[in-house]
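Written below as structure tokens is the structure these notes are about.
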Amino acid sequence: MLPHRSRLAVLVFLTPPLLLYGVAVLLPIVQSLVLSFFSWDGLSDMEFVGLANYTRMLTGDAVFWRAFGNALGYLAICLVLQVGGALVVASLLASLRRGREVIKTLYLLPAVISTVAIAFLFQRIYSIDPAGLLNQALAAVGLGGWQRPWLSDVHTVLAAVSAPEGWRFVGLYTIIIYAALLAVPRELEEAARLDGASSWQVFAHIRFPYIRPVFATTTIMAATYALRGFDIPYLLTNGGPGQSSELITTYMYKTAFTSTDYGYASTISVFIVVECLVAVGLILLVLRRKAHR
Amino acid sequence: MKKMLTAAVAAITAAALAGCGGGGGGDAANVNPAGKVEPRRISWLLSRPANGTVITVMRQLADEYAKSHPGFSLNLITTPDRPSFIQKYETLAAANKLPDLFDTDATPFAQKLARQGRMLDAGKLLTSLGLYTSYRKSALDYQRFDDGSLYTIPFEYQMEFFWYNKALFKRAGVKVPASLDDMPATCAALRRAGVTPIALDGQDQWPLERYVAYQPFRVAGPGYLGKLKRNDAKFGDPAGQKAANWLGALGAAKCFPDGFSAKGYTDAQNLFTSGGAAMYNIGTWELSSLATTKLNPAVRADVDYFTLPTVPNSVTAPNEFVTSSGIGMAVNAKTFDPLVRDFLKFALAKYPAAYAATGALSPTANVKTTIPSDATPLYRRAVDQANSVGTKLAMPWDTQLDPTTNTRLQQELVLLVQGDIKPGDFTRTMDAALAQNAPKFFTK
């Protein structure tokens, strides 16, 4: 129990950031929630429509569900590249004796490059005419038949817009997981190895359980970022061709600022908030269950 | 850029807080308010290139005006691209905080603003300033809403042509297509000769959307679009069907570059000016790139242009094609005062001569365009073409359709031309989109 003066100090120091958080984060969410029950084009009077926007979103909007499906695909690709990739790279880093700092810096570099530059870079990498890096590489290894306009092909575009986002943050999550791996007690690993455990067994039964809390946090961070992913798909394809790379976020943006349907856009934004909360809940549930086994 | 999405959400809520719709207008018809001219800073929200001719000329005129009106300044609020501009414009409109002057096309959204009395009647303003009759009729017509009312002032005049490379046509053994219907065959012949037929900026979407306008304009005239956007006509009607089938044929003949949907404006221009593509559909705003010595010497002598081909039984004439006066400038009725009127009177009277002196086509007919010293003969020919333009306008569809249908159209067009959907799928999807969205913007 904190003494009275300490409790007051905590209260004094916590109040301003909590107020700021309330105004900057919670208030807009509440406003979006309120606006989602209205039809409003930004100019005419707001009209209360009850749950009509939700009914339309859940039962009458094929583009929304297409965007939701794409968003799940985008999430899966980002998670595999970011968290899976980071786990692999961090594990390899932990086993390296020299050159760790150089490799860490190289992996982290994309995280500090501006989004627009990344989009521009990948536009060139995926180009077919003139052939970009990817298509040139395919031709060089005798896979010329696989060459294609990656951003214009409806079958490849979703993966093509997800990959830059995955690539961009793999270094960041590598650093976090690598730091957690460094904290794994060496004596535990050595004891396991003396007992004849393989590298995989050491990883699966000692290292990973030890870093599970950090891994959970990293997965939550990556998942919420991916579910709110917007910039790279928007800049690379604007959701196209057709709706092949349309995400819920890009669809919400267009609904608000192209269609000027602010009420319906708010409904979609409420869905994004709920979707993020559900994703975080599911991740925690899965990782906790595994921890209890 | 995650911030961009956060900003978007914040913008919706900010707009909701500040505006909550309705009201906020002044007297849209009072073009000559009483009172003294009191210099202050006035602002103009623009969607034009930051160092483009319109801004440069207007900045010079504002500086000149400020000399005789100490305390006056013109604050030019430029935005880097059209989507950012639209976000800013619509958020400011929703929050009832539009500046003194703002750019807008004659879109359904702008018409709502006009109906609420938030834009000054530009027709009355130009008449009261004694300038109305100096404007080209088609330049003003482009800015009008369906009911003929005029709420925006044009600052440019453009014609859109098919620029083509004569040497590449010769290599493929093809001639300028006499009919739109000949274009797929022309493309196929060019492809056989190893040439990309048409350079296209697919990323910005409007260049491909131009093509959907062409067949209906020729077979049914401008009236079809007027009905279509109100859902009084269908994509399934003969004119719409012809457009869908023609676009499908253009795609099948591989008229556009592989992966065109990810190609930008400069990619398309570079492809044509480097001799990599045989045709390029673009307006006279590119005259300085296509008809001067700045053009790549390797193709300079081979570049020519033709206007929109007709079709058999065409209801519009060969001299009628896409001519536009660009995005217009609206005057905020709420903040309109003697100073804004006085500045506009000064600037709009002097603007045409200053603008035409840069080699551009003025929206008025009372000045002569100065042909630049580095121009090729094509430059003068293109400029002179403005004197023989017909009366019917092929309007760009992106400024006419409701925004939701327009977005869907842009998406479906790419799929149609890429061969991912059939013309029948395209028609069904678009008619459904039109039926759902048009009534929200166009009351019968």
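Here the Cβ of each residue, glycine as well, is placed from N, Cα and C on the backbone.
TrEMBL entries are annotated by machine, without manual review.
Listed ranges A:12-29, A:210-227; the one TrEMBL annotates as transmembrane segment is A:210-227. Most Cβ pairs under 8 Å to the transmembrane segment (A:106-126), among the stretches A:71-94, A:166-184, A:262-287, belong to A:166-184. Listed as Cβ neighbours of the transmembrane segment (A:166-184) (distance under 8 Å, sequence separation of 6 or more from its ends, same chain) are residues 77-78, 80-83, 85-87, 89-91, 93-94, 104, 106-111, 113, 118, 206-207, 210-211, 214-215, 217-218, 221-222, 225, 232.
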